[in-house]
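Data first, discussion second: the structure below is written as structure tokens.
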Amino acid sequence: MATKRSVGTLGEADLMGKKVFVRADLNVPLDDAQNITDDTRIRASVPTIKFLLEKGAKVVLASHLGRPKGVTPKYSLKPLVPRLSELLGVNVVMANDCIGEEVEKLAAALPEGGVLLLENVRFYKEEEKNDPEFAKKLASVADLYINDAFGTAHRAHASTEGVTKFLKPSVAGFLMQKELDYLVGAVANPKKPFAAIVGGSKVSTKIGVIESLLAKVDILILGGGMIYTFYKAQGYAVGKSLVEEDKLELATSLIEKAKAKGVSLLLPTDIVVADKFAPDAESKIVPATAIPDDWMGLDVGPDATKTFNEALDTTQTIIWNGPMGVFEFEKFAAGTEAIAKKLAELTTSKGVTTIIGGGDSVAAVEKAGLADKMSHISTGGGASLELLEGKPLPGVLALDEA
Ligand SMILES: Nc1ncnc2c1ncn2[C@@H]1O[C@H](COP(=O)(O)OP(=O)(O)O)[C@@H](O)[C@H]1O
Ligand SMILES: O=C(OP(=O)(O)O)[C@H](O)COP(=O)(O)O
């Protein structure tokens, strides 16, 4: 993907008094009382907005929240206003819509250094259809466009892609830039040795990532539910563990590809097995070659963790996507926690570049309280997966080149 122009190239002359349409990913989790349960994505969006406000711009801020079908009060962005205002140090004005007369009036009345938050862009089906008329209406209240919504950059929607046809320049925000620097830059030109750790539930959802990373890494560590398909492909008994019967040949071919490319592929040597899929299941540690019938593997064992740690000790760059086990159950969280701890230690004590590629691995790092110890934690699950598979993201492609 060509390098894109970043917001840092915009100066006071470009921004003073200008209305800037900022697409952020403010898709944060809310509880039943509409309280924000994790404000990471809001905090991650602040540097770009603050930069614009300091340069005297007027910010028209847009996002989606959830996957509403039409106007749905539970998916309103209104609950975000107090936290946004607090983090930005300004009183954020909220519109009841994302297009139309009221939005036009509020945008026209914005002072320099003011922020107008639009209502959920997905309240219109035209957003996800990337309808040009809708994109034109969104664009009509602003002079230029900044896309900082990395988490939504894999969607070709009106506010992430269509709007760039009507606003120039269209540039990447600081968060978008940082995500691309790590997930594209550091992965394409890693400090070597370079290791990837891939886990998660199924091999089918990670094939693209594994294949793409096999071309770049020195070490590939596999964990999570997908490993039982690899074991079965090698003729081991896997009991009641998760297996994708139609991916056995693929698993064998991935093992062969790793060999051919000289990649050290590490599968766990021992497993924590359970008698049922439940937090209170009976559990025991067994060799990977001896999973008993009627038991299922839900975590990697201590020997595997030791081997993984020794391999990781030799590296300079590590990318991690997907938990090592069912980390949501305390009894089966140790393998995932050990990876989180190891990466935190290597980042802080040895300056190793550690990149956490979105999704459940981020949740695991946060659960372990180690989020601030990693080099980069992606704010996009689906988007980071697509990037790591080598797919171009429509929301990035549409931006001006640097
Ligand atoms: N051995 C296992 N058996 C079943 N599920 C597993 C196993 N190990 C991990 N998982 C589950 O995989 C899920 C995450 O998978 P996935 O969505 O592919 O990862 P990510 O969100 O990081 O991309 C978690 O909910 C976790 O409980
Ligand atoms: O939460 C998001 O993606 P993620 O769960 O893959 O990280 C983004 O806001 C994109 O949302 P979408 O998958 O409804 O388009």
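From the backbone N, Cα and C atoms, a Cβ is placed for every residue, glycine too.
Sequence annotations record features per position, and here TrEMBL assigns substrate binding site to Asp25, Leu26, Asn27, His64, Leu65, Gly66, Arg67. Mapped onto three states, the DSSP output places Gly66 (substrate binding site) in coil. Over all protein chains present, the Cβ of Gly66 (substrate binding site) has 14 other Cβ atoms lying within 10 Å.
In three-state terms derived from DSSP, Arg122 ((2R)-3-phosphoglycerate binding site) belongs to a helical segment. What TrEMBL lists as (2R)-3-phosphoglycerate binding site is Arg41, Arg122, Arg155.
Per TrEMBL, ATP binding site is recorded for Lys206, Glu328, Gly358, Gly359, Asp360, Ser361. Of all the Cβ atoms in the protein chains shown, 30 others lie within 10 Å of the Cβ of Ser361 (ATP binding site).
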Where the C-beta lies under 6 angstroms from ligand 2, the matching binding-site residues among Arg122, Arg155, Glu328, Asp360, Ser361: Arg155
Relative to the Cβ position of Arg122 ((2R)-3-phosphoglycerate binding site), how many further Cβ atoms are located within 10 Å? 25
Out of Arg155, Gly358, which of these binding-site residues shows the lowest number of other CB atoms within 10 Å of its CB? Arg155
Round to the nearest Å and give the CA-to-CA distance linking Arg155 ((2R)-3-phosphoglycerate binding site) with His64 (substrate binding site). 12
Near Arg41 ((2R)-3-phosphoglycerate binding site) (Cα-Cα within 10 Å), the binding-site residues in question, chosen from Leu26, Asn27, His64, Arg67, Gly359, are Leu26, Asn27
Based on Cα distances to Asn27 (substrate binding site), point out the closest of the binding-site residues Lys206, Gly359, Asp360. Gly359
At the level of the C-alpha atoms, what whole-angstrom distance separates Arg67 (substrate binding site) and Ser361 (ATP binding site)? 22
